[in-house]
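Only one structure is covered here, and it is reproduced in the block below.
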Amino acid sequence: MNPELAVAGLAMWAVRLVCSCLFYSIFVPLLLPFELAYAFYSSYLQFLIKSCVERLEMVGNLDAIWMQDTPDNRAIINGVLVLRDQLRLEQLRELVQGKLVEATARGNRRVAAKFQQIVSKRYRRYVWREDEAYSVRNHVIEHEGRPPACQAELEEILSEYCSQGLNMQRPPWLIVLVPTAEGGSVLLFRGHHVIGDGVSLTTLMMTYLVDKPPAQITPVRFGSGRSKFWMFAKAVLEAPYLLGRDLLQADDRSPLHGPALSGRKRLAWIRDIPLAQVKRVRQATDSTVNDVLMACLASSFRRYFLRRGWAIPGSLKAYVPIDMRPRSGEFELDNQFSLIFMGLDLSNGDPLKTLRQTKRSMNRIKASSLPVANYLAMIYCMANLPAWICEALFEVLAKKSSLILSNVPGPAEQLSIGGQRLGVSILSYNNQVSVGVITDTNIMEDPQQLAADFKACLNQLERAVKQGRNED
């Protein structure tokens, strides 16, 4: 090992240790009286809520974070499913009500109880309460305009729906059925983040709505195969330094960062990218599927910036959600993920160098305790600090990145809904990869070009891998 690198590594550990000692020996004792007072106050509010005549349930701490969204930046998850054949509205309503909304698990527990509940505030706390006027007709609707004849028209229709908010006086979800001119159907699912994250909502749909649940839906999660005790201990030790570093780092500087949001959304996607092609590149470069996808996305942004004549930053800072659910246990429709910063390398046009840099960044994240530290910090803040402090902290962190990257793997086999084959969804599915982009029109008016560039960048990367192998 290089002696200079070894010394630098020891110095960094010393800095982290000093930060931890200062935080746990000085700040924690100072905060303890306030935490105890707030804990007593919170317990009192919970007692009042439980004493209400109407049946109420507290919104989970990690779910309540997402109630601070704004009209120009809504915390709504949008998913698209494309069916190759026509699905009738009444048939879809029956499927959603019978198989999804009324689904039960062990002990007759309602799996999707939130689909019949409204988010309200009682005693300054968000709670779930039953919607006495619930009807599936309010949540599963059909597009009434002319059926789209091509993908561009379909994207235009879906973008209009994605620009709208959800009715928060009802359970915050909606499914829009869009018949196509070719005789197929498209389902746009919209669910507020307070219900759950992308992984839990995908698992819900792919387990309960489809005709036959797939054998496997979610992959091996973060931290699989590693000592949980070591991960937790390392996270507690490093948390003060890592979180302080994230809070103090500068906001991202790129053409995508800065313009005021309009609330108008543009949706685009590219589909039918062979997963086998991605795996060929992965095997030849000793990387992962995720490394390859992230590198291609970085190259796509570089192409987009060049085409627009924008200055190209060295990197593009993004938030990456990491699923923190345990490897086993009953399914829960909620938010259980951590957010970390990742820089997409835009510094050069060599796709192989971009992939190598992406791989190094991802390996550092995997070896780091940052995902666990951030997850524990989110739980701690929401449980022990007033909502206005948590909102201020998350607002500061949100401004430091330009985009959110989410990779939600789906099932590997062909699925059907109501007897109609599921052709594509915006996730990896049936050995195909689909890439979806949703953006504010003030930031990016033509996300279609970015999505189209992704496939071109994957082809370019595969050619570069073959050429490099031939040269060797």
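Along the chain as shown, the residues are counted starting at 1.
Backbone N, Cα and C atoms are what each Cβ position is placed from, and that goes for glycine too.
Keep in mind that this is a model prediction, so the values were computed, not measured.
Features reported for this protein in TrEMBL:
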| type | residues | note |
| --- | --- | --- |
| DOMAIN | 119-214 | domain 'O-acyltransferase WSD1-like N-terminal' |
| DOMAIN | 335-461 | domain 'O-acyltransferase WSD1 C-terminal' |
| TRANSMEM | 6-32 | transmembrane segment |
Query - Average model confidence [pLDDT] within the domain 'O-acyltransferase WSD1 C-terminal' (335-461) - result: 83
**Report entry** Spatial neighbours of the transmembrane segment (6-32) far in sequence, C-beta under 8 Å, 6+ residues away
**Finding:** 237-242, 244
Requested in this report: Please spell out the DSSP helix, strand and coil residue counts for the domain 'O-acyltransferase WSD1 C-terminal' (335-461).
Outcome: 59 helix, 31 strand, 37 coil
